[in-house]
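Participant: First the structure, which I've put down as structure tokens, then a few questions once you've had a look.
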Amino acid sequence: MTNVKTSSLGFPRIGLNREWKKSLEAYWKGNTDRETFLKEMDEQFLAALQTQLDQQIDIIPVSDFTMYDHVLDTAVMFNWIPDRFKDINDPLDTYFAMARGTKDAVSSEMTKWFNTNYHYIVPEYEKGAQYRVTRNKPLQDYQRAKAALGTETKPVILGLYTFVALAKGYEQQDIKDIYNQMTPLYIQVLKELEQEGVKWVQIDEPALVTASPEEAAAVKEIYQTITEEVSELNILLQTYFDSVDAYEELISFPVAGIGLDFVHDKGKNFEHLKAHGFPKDKVLAAGILDGRNIWKANLEERLDLTLELIQRAGVDEVWIQPSNSLLHVPVAKHPGEHLADDLLNGLSFAKEKLLELTLLKNGLVSGKAAIQAEIDEAHGHLQDLKQYGAATNSAFAEERGKLTEEDFKRPTAFEERLRIQNDSLGLPLLPTTTIGSFPQTADVRSARQKWRKKEWSDEQYEAFIQEETKKWIDIQEDLGLDVLVHGEFERTDMVEYFGEKLGGFAFTKYAWVQSYGSRCVRPPVIYGDVEFKEPMTVKETVYAQSLTSKKVKGMLTGPVTILNWSFARYDLPRKEIAFQIACALRKEVEALEKAGIQIIQVDEPALREGLPLKERDWDEYLKWAAEAFRLSTSSVEDTTQIHTHMCYSNFEDIVDAIEDLDADVITIEHSRSHGGFLDYLEQHPYLKGLGLGVYDIHSPRVPSSDEMLTIIEDALKVCPADRFWVNPDCGLKTRQPEETIAALKNMVEAAKQARGKLAQTV
């Protein structure tokens, strides 16, 4: 008889009411002292554990909780602290400086965590650095949990292979030296856990899903060394987000258990298990519930899958768990949520997913009959959800059938469009602009709340938005920016705003997830066909344009980003959902153009994050992603300039796809890449319009004009000056007005100096 246990890989940090976010931001602003802040963090750490205990989960993780980011935690634990922060003597100040920067030191780079919408702080390797264990965070967290709750937990550590794969600053020939230097440090951390009496530790190695057999063999040597030194501690080697290509090598690792994703593996992990078996002396930790989407599980289907897994594996012990950490879904259904019952009953957040695991364990141990009532209830809820979505599933089929090849491309080549647009727009060399949003101050947020609570009328709220828009149009003109934006004061979120105005979307009030640091988002829920209802941005954009003789950009979010930043329906291919969104946006683009807007920006910051983890799957995704963008934008006249924006990505992977978008101008987050993208452009020139961010908007630091001039001049060594734009990294929504104005003033001055130097060379 196989012993079945429930396990959690990780739990959301932010709290049901975003208590974590509020504590962080109050501390950063100086509104709470350190003692209060640390006390609040400890309370939230314990609350997350208690929630998992309350769902009767057998094996609960610790050390997944963090004060900013778990990758940053790992870097700091092993003293991967860049030299520019070494003069900061306080450990907590150093930690936050690496994440957020200081007036003297730029923050570490931030990028996507695999193909999710979570962002991690990129570890920086520095040759000759003395790495050491600064503190054993997993041990401290284990001790805190045991002392406060009296329970055994499973410390979670980011594995060495994945940590190095996520880092930057090293050459290929450095990797062996890094492993040799870091392996004893991992052993030290694990040895201390072993001495404390810890029974299990979860070592996360998601990067192993893309490892070749040769790479996996090298990683196996690391674990051989570790387990020889730490023989009494049970190690669970955890993978997720896809299947493991080097499966045969993986199952030979000298560890006590292996975690596999049986949700996002496209069936491959199960195929591997059936073909090659599973070691009888290891625990199989089976990811059977979707940890990245919010739909209620089909309990009967999941039960049948798990029974077959148990039968095929033939092991003594199986852990059933989510496919990955529940970091990527909301904490729990909030009692104040306002969704229709048929939709709400079809959803399952982190807390509910753990309850589903407990139900499944009961079914596995006591038989299906023991949970038949719950199976029937879940089936009924899923049927109700399907019927709820079906109410919108009518309009798109006819429109999809009418699409032709011509709808997916602009009729005129870029070089000719560039000539026409240069004549039409009359912009200076190195035009300056921003990415779209301006600071959403307390006044802006308060006005929105008053409007939503019906304390303000629509007319009052619109008057306020127009007042803010006019204020920032005037500020932009005073600063000397060349292409202006209306500021997006009416928008809470760049996806939510559009989804609220399109058919097929639903929005929650409390279903928050962490994006980066304290930044939380409420992803829309796509439950039916997406449908254009009426213009969404025309009124605000046209009003802004009426206030200035300079060009004002229309600002839209692209179809792939809306898809990737939403919880998407599970009954349609993602490509088809993207095309539905694209058709709706196409109508909005046409409405903006008809209203006289000559520059329209369709942002795709999330294009790369949807990239499959395995390179062999990239072409298919990138093909339809580019098609969806072009479907949104290709119906405009040659005089209309299409911009797009991307952020937080390794762009080298997708340059061909960026070219395939056929946008006239692309602006890209650049300042945190520390010059890496320029090195790529030197070898692979990009000849369409390009704006590389000249300062980091995620940090309160205001860089000097000289710093920005250096970035511009470096960029002009590899980018044609006649098609280069000057802009910040991203939107300025989260910054304060004073620092925004100061930074933009320096940016405009840097552009003027660069133009002057170019004029002298002509």
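Placement of Cβ uses the backbone N, Cα and C atoms for every residue, glycine included.
Pulled these from Swiss-Prot:
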ACT_SITE  HIS698  active site, proton donor
BINDING   ARG18, GLU19, TRP20, LYS21, LYS112, ARG519, CYS520, TRP565, GLU609  5-methyltetrahydropteroyltri-L-glutamate binding site
BINDING   ILE435, GLY436, SER437, GLU488, ASP603  L-homocysteine binding site
BINDING   ILE435, GLY436, SER437, GLU488, ASP603  L-methionine binding site
BINDING   HIS645, CYS647, GLU669, CYS730  Zn(2+) binding site
Participant: Could you tell me the maximum Cα-Cα distance in Å between the residues recorded as binding L-methionine, namely ILE435, GLY436, SER437, GLU488, ASP603, rounded to a whole number?
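Facilitator: Binding-site diameter by Cα atoms for L-methionine: 13 Å.
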Participant: How big is the Cα-to-Cα gap, in Å, between CYS520 (5-methyltetrahydropteroyltri-L-glutamate binding site) and the residue listed as 'active site, proton donor'?
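Facilitator: Roughly 14 Å, rounded to the nearest whole number.
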Participant: Could you tell me the maximum Cα-Cα distance in Å between the residues recorded as binding 5-methyltetrahydropteroyltri-L-glutamate, namely ARG18, GLU19, TRP20, LYS21, LYS112, ARG519, CYS520, TRP565, GLU609, rounded to a whole number?
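Facilitator: So the maximum pairwise Cα distance among the 5-methyltetrahydropteroyltri-L-glutamate binders is 27 Å.
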Participant: Which three-state DSSP class does HIS698 (active site, proton donor) fall into?
Facilitator: coil
Participant: Three-state secondary structure of TRP20 (5-methyltetrahydropteroyltri-L-glutamate binding site) from DSSP?
Facilitator: helix
Participant: Note down the number of other Cβ atoms within 10 Å of the Cβ of ARG18 (5-methyltetrahydropteroyltri-L-glutamate binding site), including every protein chain shown.
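Facilitator: The answer is 17.
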Participant: Taking the Cβ of SER437 (L-homocysteine binding site) as centre, how many other Cβ atoms lie within 10 Å?
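Facilitator: A count of 21.
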Participant: Would you list the other residues of this chain near L-homocysteine - those whose C-beta lies within 8 angstroms of the C-beta centroid of ILE435, GLY436, SER437, GLU488, ASP603 - in sequence order?
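Facilitator: Checked against the 8 Å cutoff, the neighbours are THR434, VAL485, MET494, MET555, GLN601, HIS645, CYS730, GLY731, LYS733.
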Participant: Of all the binding-site residues given, GLU609, GLU669, which residue's CB has the most CB neighbours within 10 A?
Facilitator: GLU669
Participant: If you count Cβ atoms within 10 Å of the Cβ of HIS645 (Zn(2+) binding site), leaving out that atom itself, what do you get?
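Facilitator: I get 27 for this one.
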Participant: Near HIS698 (active site, proton donor), meaning Cα within 10 Å, which of TRP20, LYS112, ILE435, GLY436, CYS730 (binding-site residues)?
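Facilitator: Qualifying among TRP20, LYS112, ILE435, GLY436, CYS730: CYS730.
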Participant: Using the alpha carbons only, what distance in Å do you get between HIS645 (Zn(2+) binding site) and ASP603 (L-homocysteine binding site) once rounded?
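Facilitator: Between the alpha carbons of HIS645 (Zn(2+) binding site) and ASP603 (L-homocysteine binding site) there are 5 Å.
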Participant: Over all shown protein chains, what is the count of other CB atoms within 10 A of the CB belonging to ASP603 (L-homocysteine binding site)?
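Facilitator: There are 24 of them.
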Participant: Among GLU609, GLU669, CYS730, these being the binding-site residues, pick the one whose CA is nearest to that of GLY436 (L-homocysteine binding site).
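Facilitator: Out of the listed candidates, the nearest Cα belongs to CYS730.
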Participant: Can you tell which of the binding-site residues ARG18, LYS112, ILE435, ASP603, GLU609 lies nearest to CYS730 (Zn(2+) binding site) in space, using Cα positions?
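Facilitator: Closest candidate to CYS730 (Zn(2+) binding site), judged by Cα separation, is ILE435.
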Participant: Does anything in the same chain, at least 6 positions from CYS647 (Zn(2+) binding site), have a Cβ under 8 Å from its Cβ, and if so what?
Facilitator: PRO605, ILE668, GLU669, ASP729, CYS730
Participant: May I ask which of the binding-site residues ARG18, TRP20, LYS112, GLU609 is closest to ASP603 (L-homocysteine binding site) if we compare their C-alpha atoms?
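Facilitator: The answer is GLU609.
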Participant: Which three-state DSSP class does CYS520 (5-methyltetrahydropteroyltri-L-glutamate binding site) fall into?
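Facilitator: The three-state answer is strand.
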